[in-house]
Ligand code: OSB
Ligand code: MG
């Protein structure tokens, strides 16, 4: 396929409620939508998801834009791509920068599926039409407000709650949630806020029937996580650590975790994500699909990928209105009975609302042939 043009919408969507994690407070999500146009006029869509601050991982939206324009687009447009699986190999000479890579790689998958007149999920194994979904809940120090908020999500049908924790905000909110919702599928995510010194403290989390504890320690630590997993009964899940299949192999070999939060952008796109799914299947490592506050484009991609039946655990894939007043799609993504339907158009299956994109963002052309 020939790439004739790449356009970029730079968008900022205000969040309905500020989202607080162990590393900061987010009131608005900035993201780019890349539109890759081929010689026939088909358009592939990709979302660029990194934050503005390098606090979750190193990449930021600014660094990713430079990598895309200066390094990735030239690699992609100087070669004749026959299949989207070639893109990650083409990008190999650029180290790291997975989210930048993913924005283009996933756009090429979308474009390829559209050229073939297929839905993206047709390229995955053993899929279904409706996906069980969960919700990620930010730090809310007023525990009455916290349980009220969770009550609303439970009413809307969300099948799993992930609570963000940090030192000083852990046992108490978990206790409050368990008092009100003794049976919900509950997990916690520390976004690297603890250290090995906290192991004996963290062992108290075993008392709350948590599905898993996500990323208690640093993003580049495998050894301390392995030590904790040895001493604690609850499954440890790695998020920030997992950028490549190699990271999964290392985590598995060392026993650093029993579960992986797989995010397509954090591993550089669909091709690497598929390899990780295969590895997890082979080794019996539990894998589920995470999120990055995506707008409708990234959300639709996540739904296509999560259509694979291996994703039994409700992912961080909520409806458009969980985070945003308005999405940038012509039709928002909605939850029904705790599930979201996989969009069934060609490619990722959705269409953009140009009106909403321009209400919240700007449009520029970043490549022409
Ligand atoms: O740690 O999983 C995380 C969002 C952005 C960055 C990191 C994380 C998250 C979430 C929310 O927890 C996931 C979502 O609902 O999109
Ligand atoms: Mg996480």
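Easy rule for this one: first residue shown is 1, then count along the chain.
Every residue gets a Cβ built from N, Cα and C, even glycine.
Pulled from TrEMBL, these are the features on record:
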type     : residues      : note
ACT_SITE : 164           : active site, proton donor
ACT_SITE : 263           : active site, proton acceptor
BINDING  : 189, 214, 239 : Mg(2+) binding site
DOMAIN   : 143-235       : domain 'Mandelate racemase/muconate lactonizing enzyme C-terminal'
Go through 189, 214, the listed binding-site residues, and name the one with the sparsest Cβ surroundings, counting other Cβ atoms within 10 Å.
-> 189
Cα distance, residue 263 (active site, proton acceptor) to residue 189 (Mg(2+) binding site), nearest Å?
-> 15
By CA distance, which of the recorded positions (164, 214, 239) lies nearest to residue 263 (active site, proton acceptor)?
-> 239
Listed in sequence order, the recorded positions from 164, 239, 263 whose CB sits under 6 Å from ligand 1 are 239
How far is it from residue 164 (active site, proton donor) to residue 239 (Mg(2+) binding site), counting Cα to Cα, in Å?
-> 13
Across every protein chain in view, the count of C-beta atoms other than its own within 10 A of the C-beta of residue 263 (active site, proton acceptor) is 25
Which residues of the same chain, at least 6 positions away in sequence, have a Cβ lying under 8 Å from the Cβ of residue 239 (Mg(2+) binding site)?
-> 189, 191, 214, 215, 261, 263, 266, 290
Residue counts in helix (H, G, I), strand (E, B) and coil for the domain 'Mandelate racemase/muconate lactonizing enzyme C-terminal' (143-235), per DSSP?
-> 46 helix, 12 strand, 35 coil
